[in-house]
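TrEMBL lists 437-471 with the feature coiled coil. Annotation source TrEMBL lists domain 'DUF1899' at 4-68. The repeat 'WD' feature in TrEMBL is assigned to 77-111, 127-169, 171-212.
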């Protein structure tokens, strides 16, 4: 008599658990804009959430420990003139975040060490080049200050944020709206999913399509495509009968999929979140109340269903914590930040283990915050894999250096950005740094903080005065 053998996997018993109510972020007006992005971005210091805002676009940036009810007047990042569609934290600096908006611009922001104390309306740099709304922003995984943006003008622009310049423009490759863009592990290639039902693998520096697959999923609803650590591509989409599907492809030959699996008939777009260390993919459907997770291996059926975490409330969006922000002592292998209509709820994925020792099979060395390359090196053609760090003693963040933007146009008459002000103060400090001391650094940081808050206050007062003058003018008429 044959006995069915259960596949061995250390992730077979992964279970999800929502945190207590007092550890959630409450009373947040999550954005209602009709765009299939995750609306949330997380790193080991902050959680950022796109919110409803009158007269423009805004997002909240909260220190992770600021749980509970969030005050209605809590300061926001509010420089965009149209709704914000996508946000992404820089992998190499936990205080830098990029945002794309309906106002056709990409903005890069520097968040103060302890979070916002006043509204932030002055970005470090504004990147202008798209003619329609910008729905996707994504930082390069291994090169410093390289940012990709994709807009509804069907073009992809890759920027050098350090100079504020558009270095690469891929404008004739997509005839329709781009649904998703994903970098390969070393950032040498990108893969895109487009409304024309094609998945493309592109070498951005050569401006060349390396491989493509027509009708990767035959349904009309949006697809998603992501690169895996081994170079394969994982896609989610819909069949002709509107069933949700997932598929696995070889990036060098996309004629036939490695495998395709039907899932269900729900109509929410499946957002894939991938853990390259454990080869586990988590699928979060917009409007669903569940997170499904799968392990990808070299043996058939290649994509193995593990389990489903379910709740009662549907999700409006989802944030995914990088590996270095997890609690290794509790065998936490993933943490999600689920957006409800009025709150953000952390969900912790854990592998049950009896031992309190560090589980090195769950935590192989993971991508750290240090870039492998500078932007100029990457644009010149150099590649570099992520610089790995061990999580054995837990990740301890170091002080990030401020983002500096050096404009190449000497005739630029724009007022100095915050980053330039910071660099000026730092230059002055370095002249007197023959006897560097911790006290001097602390004083400098204090002066900078005061300078920033004064500047933000002046901007707000200017706006208020302008509004009052308009009202007086109307009354006078």
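Using the three backbone atoms N, Cα and C, a Cβ is placed for every residue, glycine included.
No curator has checked TrEMBL annotations; they are predicted automatically.
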Handout entry: Sequence-remote partners of the repeat 'WD' (77-111) [C-beta within less than 8 Å, at least six residues beyond its ends]
Key = 31, 33, 35, 37, 40-46, 48, 50, 53, 56-61, 119-128, 130-139, 141, 144, 147, 149, 151, 159, 161, 322, 367, 369-371, 397, 400-403, 418-419
Problem - Intrachain neighbours beyond the repeat 'WD' (127-169), with Cβ under 8 angstroms and 6 or more residues off its ends - result: 35, 37, 82, 85-92, 98-108, 175-178, 180-183, 185-187, 190, 192, 204-205, 207, 367, 371-379, 384-387, 403-408
Handout entry: the repeat 'WD' (171-212): DSSP-derived helix, strand, coil residue counts
Key = 0 helix, 21 strand, 21 coil
Problem - Residues in the domain 'DUF1899' (4-68) grouped by DSSP into helix, strand and remaining coil - result: 3 helix, 24 strand, 38 coil
Practice task
Provide the three-state DSSP residue tally for the repeat 'WD' (77-111): helix first, then strand, then coil.
Solution key: 0 helix, 22 strand, 13 coil
